[in-house]
C-alpha cells in the first residue's frame, strides 16, 4: 500500500489551491450564513487547519442534509446539493491528512459516496476522481489471495429457498433472435413495440466471465450504495437505507435475513467506473434519438426472490442478465385497464395486481389480459419496449443491467 503521504500528495494534485478556484458561488436559495460557513471551511482547509475544517464541514453537512430531506426529492434546489457535495469533498480530504489510517480513508470514501449519491456535480466531477483515488488506495492494502478454505462464488450461505420456477412452456413466450441486424430489429421490434430476447449480443462482455460475489466485493465492496429493504416497493413496510456493498452482501445474500434486500435501479456504473469497463452499451441503442450520454444505465443486484411489481417505464429498455436467472412477464400498454394501475400519482405506473398470486375477485379483468413471458438467463438481453408493463422475479442470486434510452 502506498503511504498516507503519497495519498495526500495525489489528492492535493486534484484539488484547487485557492478559494477562487473552488467556485463557491451559489444561488439565492442558499442562505448567506451558510455560504459564509462554506467559505470559512474552505479558508480553514486551504490554511492547513484541517481539524477545524472538519468540524465546520460537519455543521454544514448536518444543515444541508436537513434541506435535502425536506419535501419531494425533485423539488430540492440543486444549490443545496452543491453545498452538501462541497461539505463531503472537504470532509473527505481532511480525513486523509497524514498519518491517515485505513479507517480514516474508508470514512473519507464514504463521505465521497454520500456526496455522489445526494449531492450535485462540482468542480468537474471531482468527487468521482477523489473516490477513485481512495478506492485504489484501500484496495492496494487488502487484496486477499483466494485460499483453499474459500468456497466458490455465492455458495457460502447464499439464500437457497427453492423458489418456484414457472413453467414458461405453458405460456406465450417472448421470441428470441441471435444478433439480428440493426435494420431488422428496428423494423420488426422497435417500431411496432414488440418485446424480443437478443442472444449472442452480450456474451463477449467481460462481466460475463469476471463477475462473482468475490469480484464485486473486491471492486465495489467498500462503496456506499442505496439498498431497498422489503419484498416489493408497493408494500407498506418497504424502506430504503444506505450501506456498503460488503455489508449488503453479508446481510442480504450470505446470510438468511427476515427481509429481502435489493440494490435496485442504481446508477452504480457512474459511481464505480471499474465496473462500467466490464459492460457495453448494446449497439441497438444507436437507433434512438438521444446521445450515448443520455442512456441511463442501472444496476439490479440481489438475492433470489427479489420482485419488481408489474409496472411500466417511460423509455425503451434493454435488460441484460449477467448473473442468475429472472422470470419476466410482459403486457402490452393496450392492456393497461385490465392491469388496474394504482390511482395515486406516485404509483400510477404500477399495477395493483400481485401477478403470480392475483386476487381475481378484486381484479377480474386481469385473468383475460394476454401476456408474454420468459426466463432470462446470463448473456441474454431482453428488449422491453417503452410503456410495456413488466413484472420481474429473481430465480437465483442475480445481477442485471438495464439500459434506458429514448
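Including glycine, each Cβ sits where the backbone N, Cα and C put it.
So that you can see what the record holds, here are the features copied from Swiss-Prot:
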REGION    1-99  region 'Interaction with RCCD1'
REGION    143-167  region 'Disordered'
COMPBIAS  158-167  compositional bias 'Basic and acidic residues'
BINDING   228, 265, 308  protein binding site
DOMAIN    261-406  domain 'JmjC'
BINDING   262, 308, 311, 317, 326, 390, 404  2-oxoglutarate binding site
BINDING   311, 313, 390  Fe cation binding site
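Sequence features, as recorded in Swiss-Prot, placed on the structure.
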residue	record	Cβ within 10 Å
228	protein binding site	22
262	2-oxoglutarate binding site	29
265	protein binding site	17
308	protein binding site	21
311	2-oxoglutarate binding site	19
313	Fe cation binding site	18
317	2-oxoglutarate binding site	21
326	2-oxoglutarate binding site	23
390	2-oxoglutarate binding site	23
404	2-oxoglutarate binding site	22
For 2-oxoglutarate, whose listed binding residues are 262, 308, 311, 317, 326, 390, 404, the greatest C-alpha pairwise distance in Å: 20
Within 10 angstroms of residue 313 (Fe cation binding site), Cα basis - binding-site residues out of 228, 262, 265, 326, 390, 404: 390, 404
Overall pLDDT of the region 'Interaction with RCCD1' (1-99), taken as the mean: 91
Listed binding-site residues 317, 390, 404, filtered to Cα within 10 Å of residue 308 (protein binding site): 390
Three-state composition of the domain 'JmjC' (261-406), taking helix and strand from DSSP: 28 helix, 58 strand, 60 coil
Sorted by sequence, non-311, 313, 390 residues with Cβ within 8 Å of centre, Fe cation: 308, 310, 312, 317, 349, 384, 388, 389
Cα distance (Å, whole number) from residue 404 (2-oxoglutarate binding site) to residue 265 (protein binding site): 11
Other same-chain residues whose Cβ falls within 8 Å of the Cβ centroid of 228, 265, 308, the recorded protein site, in sequence order: 233, 262, 264, 300, 306
Site extent for protein (largest Cα pair distance over 228, 265, 308, Å): 11
Distance from residue 390 (2-oxoglutarate binding site) back to residue 228 (protein binding site), taken between C-alpha atoms, in Å: 19
Counts of helix, strand and coil residues, the region 'Interaction with RCCD1' (1-99), according to DSSP: 70 helix, 0 strand, 29 coil
